[in-house]
Number of protein chains: 2
Amino acid sequence: MYKNRIEIIKKHLEVNNSQTTNNKDEVLEKELFNSIDTNINVGELKLLIDSVEESKYKDETREFIRNHPKFKENFIGLDMATYRQLVLEQCAAIANRGLIHFTDIKNNLHRYIGALEMFALYNNNILTKLSVQYTLFGGPIIFLGTSRHEKYIEDANTLKTMGCFAMTEIGHGSNVRGIETTAHYDKQTKEFIIHSPTPTSEKFWIGCAYLHATYAVVFANLIIDGTNYGIHAFIVPLRCPKSGAIMKGITIKDCGHKLGLNGIDNGQIRFDQVRIPRENLLNKYSDVSEDGVYKSQFNTPIKNFAATMSPFIVGRMAITKGCSGAAKTSLSIAIEFSHIRKQFGPSSNKELPLITLSSQQRRLMAPLARTILFDLYIQRLTNELCQEKLPASIHAHCSGIKAVYSWFCVAALQTCREACGGQGYRSANRIAEFKNDCDIICTYEGDNTVLMQQLAKYLLGVKQKQTNTTTNRIYLDGEDAKSLFFNFSNINQLFETREEMRLAELKQIIDNSKESAYFAFNNAIPWAVKLGFAHMTKIVFQNSINTLKLKNVKPLTHLIMLDALVSIEEDLGWFVSNHLISPNVAQSIPFLIQDLCFEVTKVSKQIIASFDIPENCKPSSKDLISDLF
Amino acid sequence: MYKNRIEIIKKHLEVNNSQTTNNKDEVLEKELFNSIDTNINVGELKLLIDSVEESKYKDETREFIRNHPKFKENFIGLDMATYRQLVLEQCAAIANRGLIHFTDIKNNLHRYIGALEMFALYNNNILTKLSVQYTLFGGPIIFLGTSRHEKYIEDANTLKTMGCFAMTEIGHGSNVRGIETTAHYDKQTKEFIIHSPTPTSEKFWIGCAYLHATYAVVFANLIIDGTNYGIHAFIVPLRCPKSGAIMKGITIKDCGHKLGLNGIDNGQIRFDQVRIPRENLLNKYSDVSEDGVYKSQFNTPIKNFAATMSPFIVGRMAITKGCSGAAKTSLSIAIEFSHIRKQFGPSSNKELPLITLSSQQRRLMAPLARTILFDLYIQRLTNELCQEKLPASIHAHCSGIKAVYSWFCVAALQTCREACGGQGYRSANRIAEFKNDCDIICTYEGDNTVLMQQLAKYLLGVKQKQTNTTTNRIYLDGEDAKSLFFNFSNINQLFETREEMRLAELKQIIDNSKESAYFAFNNAIPWAVKLGFAHMTKIVFQNSINTLKLKNVKPLTHLIMLDALVSIEEDLGWFVSNHLISPNVAQSIPFLIQDLCFEVTKVSKQIIASFDIPENCKPSSKDLISDLF
Ligand SMILES: Cc1cc2nc3c(=O)[nH]c(=O)nc-3n(C[C@H](O)[C@H](O)[C@H](O)COP(=O)(O)OP(=O)(O)OC[C@H]3O[C@@H](n4cnc5c(N)ncnc54)[C@H](O)[C@@H]3O)c2cc1C
Ligand SMILES: Cc1cc2nc3c(=O)[nH]c(=O)nc-3n(C[C@H](O)[C@H](O)[C@H](O)COP(=O)(O)OP(=O)(O)OC[C@H]3O[C@@H](n4cnc5c(N)ncnc54)[C@H](O)[C@@H]3O)c2cc1C
């Protein structure tokens, strides 16, 4: 198989043709050669990270978290029932304060996304519960429903009624198209009959279903007179809105104890011939007339399916904010700890803080940089989502950032836990809870490995349409490695070229396969994932550079370069073996990274101050190092 | 800083001078060029992995786990108090059955280590609790005590009395030499007065202290007439052996809820002038006479300190078995799931098991191989520990394997969780519990980053003593990458050379530093860690090859090659930029790895069968995929 690899690039050109970088760069790049400017404007940095559009909402939310009594209660080590109740009450308090509105995902995405991130600084159960209500239940109603479904909005807005999102079944998670639940149309009564035909068709994992949801948006196969029109979304009452009693024909079980998110009541739902009115079909794109005639805006079921899945775009963005909040708080905890905690020193009566250790700097500064750059990229995606006409890339990019951010987050939180030594293992330290809660972001709202393939397929598709434009390939070689790397244009070209070559490589592996299209692709998944990473790294980098050029907020230049070099190091074997970086130049990378970590460490306290994390999101100073205070 | 890097190796020699490999290799290597032999002898493989020495004890323990009622109780989602009680009862059952003995760590290490690994297949709380009793409490008594301490053994053997190990303090974890607890000798009463002079000197994290321990082995500064003789170990009664009441002057608090291991009662201990008899000093190496004269076998406190720490060698080995058990069970769960779980397929009515996906093979087979090879290496270390005269390397190697195995384990368990999708997030699936429990193995019994430095310092020391012998450097280049890699001699030389160069690099960074020795080393920690990895990879590989040559148990050849290539890929940037592998040859590695994963997948069910994991260590088939059965 390895013989099918792409041809080795023999032409090494050193051309700067990138449009992302220009002369202005030089001024910025110069900073990198000097000691970091420790004179950080924390307010300015905060505004950059919060974004102008979200800043106001974020501050309002911070204020709320700081002061509301429900956010002062302990949630560590609670039993499941108590935890679920607390999270419910916290969410209700948020809704009642009007911090977010049910229609925000359409009309004020910045408010919604901004507030979610702030709640994620505190705890990911809240973010998850809110996401279920506002994006998973709200999304389909708002994006797939019509005026006849507006009646659900008012009560849902204040959490007087709650909803859930019933797509996954025991038998089908990633492969949503395989779900088995049926919705037969009964012309006589003008009703749909929602039914779980097999044990594997029972809905599973449905957040909010076990205890709190009155309604479910159920995804099921719409069938009229024996013809299956594919998957559609229906509003199904699970409980009586007044009494709360579970409706006839419905059985709901608890999904049980989980690694994390035990404040969320995930449930398993079985439908036994449950009748709902015809009007409960979310009918924006497709509808069934009273007499059972199916009508769709789309000429194929697959297109209707794609439209039905569209609310997910916002969902993935929203859930990614869980990573953003958790990473920021956990990094703050680990960095603060490292500034305070002393261990070892040049002499037995002079111990030094952990932050003076090269390893501690290396472990913590690299994820700190990436967290901020990912956040800047999400700002851009949020702006794109607010546009009238969405860019064609939006779906792929929301999938991509969700995957790379959540994988990164899991690793970063692990590092934070370890960086705090034993103290990081105490629940009171908070990192533990974030770690367990965020783990599932790799899986839900689309499994990462599956999403990365969607992104790769998108990129393959774009390529197909392009006439043959190839980037000028770059080869970094020379004596002065520092000057070669401290050059945004070079970095950009490295990332451009890698993506292009990764794409060509994937295409070639698939094309050369002797197997059918399905197997040809399935045998190349690791390469598709690599392509996804290459692409996301590139666009996150380009977005960072664009942000920097709008305004040079310190220490952004250093953060960008640190993250870029770390990205290169993560794939260094590839860069060198594919002749983009010379072996000799490559050798300098670990040293450059270590130097940058050392510089960024000098301003690490200011950086975490700019996150403006409410105190009750973090351990008390007593809990940072037990009883040391 | 990067300019201080080691000189680029310009001489590229392709010489096979390794002593680890020879002509017999060719026969073994040939296997790699063909499809894997699927005719696996599961019994033979099981014996290899269990080891001849431990096999009998392991089978006895498996039998016990399978049948004892205490191992049939649910431990998922228990509250802390109930969980702690259950773990206590399970440990008592083990002790009463005589599966392990208090003196095993000295007289029958194979029985102890073998049994521990089996319990770790089930749950790491049990392994931890047993380790506290048998290695942490027992180790000092057996290795640092004398005949006057034998009286503790009988009751401890059956867990009638339990002990704990009180070394860590709030202020000092990694830097044990900094602990503040004092043990003043009082000539008048012939007693030691154990005291916590400051809030930071309180003992913290002491496993078994909060509820169950009668005695503590307390590490404290031995002081006579104002002279501090350094850290020594003392037996201090925490509770009245009869009534269980906490002794006068002792305060014990709960360390609280943790990320994992909530079945363990970690406690915080404060000593307020607690008097113990002079005989409670563990006096094998140093003693205090009745009239207060200090006498030591060592002429410096640091040597006495080193001897005092020696029981840790076994402790690290023992705790590493936690990784071994957790990795085996978790990989078995994820692999079984992947063989059963169907999702997607070439057509909508033909879905295929996940194991057919290249990504799933890549994720699961690589850690499967490494787990087995690490286990073979631990067998070797265990044999070394049973020798009359311990090799000089033993301490460094026990530290090294503990660090690399636990880091690997954390990553492998994360992969297993994700590979099971949502099901992996359910506590009933079991991986979640292993993940949280094993996380702390990176930290306790010596933090990994600190241990890796010990290993690096050991290697620097060995180097210092050696006359200048350098390996013949290898450069892998040519058209036929497969033949270059499927050659154990080449791989061995790659690993030998890397270690040597990494060592030279670290030495040079330190030597070139303008700072004092302390800072020179501290600024180079990431390089010390890399050296540690290079060394451990080499010796684990060499041990695997030696094992293979004694007996070619299938599919060992494939596992060794897969793991070797994965190790190379993990550091590929370094290998290529340091001119050990040519860029073109390097490009083939991902393809070779994928092919090997594909081959190993064919026998993956047999491999996990050879682990012979008792059914009650794994989720019920119902819990593997909820309600699918
Ligand atoms: C806490 C929690 C809350 C949830 N909340 C909801 C909810 O409210 N509503 C709802 O509808 N669902 C919900 N889900 C379900 C969630 O969306 C699914 O778990 C997810 O889509 C993955 O599906 P699965 O669990 O069936 O995994 P599977 O699809 O079985 O995947 C298992 C493994 O196989 C791999 N895999 C699968 N297909 C491929 C492929 N083609 N290529 C490569 N690898 C592949 C995956 O990477 C994964 O590692 C929730 C899940 C959890 C755990
Ligand atoms: C669940 C649990 C059970 C335990 N059981 C016991 C017990 O029974 N008895 C007992 O005595 N102790 C016990 N411990 C304590 C354990 O041994 C310590 O946590 C461990 O030694 C680390 O010390 P620390 O927590 O103080 O971390 P610190 O030493 O403060 O380390 C914090 C961080 O700094 C880094 N660091 C520190 N020094 C260096 C350095 N020189 N170079 C690079 N990095 C460095 C570490 O990598 C770590 O990431 C237990 C701990 C836990 C969490």
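Yeah, the Cβs are placed from backbone N, Cα and C, and that goes for glycine too.
According to TrEMBL, the protein has these features:
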- B:164-274: domain 'Acyl-CoA oxidase/dehydrogenase middle' (DOMAIN)
- B:Thr168, B:Gly207: FAD binding site (BINDING)
- B:313-460: domain 'Acyl-CoA oxidase C-alpha1' (DOMAIN)
- B:Glu445: active site, proton acceptor (ACT_SITE)
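Where TrEMBL records a feature, it is marked here on the structure.
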residue	record	Cβ within 10 Å
B:Thr168	FAD binding site	20
B:Gly207	FAD binding site	24
B:Glu445	active site, proton acceptor	22
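Proximity to chain A (CB-CB distance below 8 Å) holds for B:Thr168 among the recorded positions B:Thr168, B:Gly207, B:Glu445. Taken through DSSP, the domain 'Acyl-CoA oxidase/dehydrogenase middle' (B:164-274) splits into 6 helix, 53 strand, 52 coil. Cα spacing between B:Gly207 (FAD binding site) and the residue listed as 'active site, proton acceptor': 12 Å, rounded to the nearest whole number. The average pLDDT computed for the domain 'Acyl-CoA oxidase C-alpha1' (B:313-460) is 96. Recorded residues the residue listed as 'active site, proton acceptor' and B:Thr168 (FAD binding site) have their alpha carbons 10 Å apart, per Cα-Cα distance. Note: the domain 'Acyl-CoA oxidase C-alpha1' (B:313-460) comprises 119 helix, 5 strand, 24 coil (DSSP; helix = H, G, I, strand = E, B).
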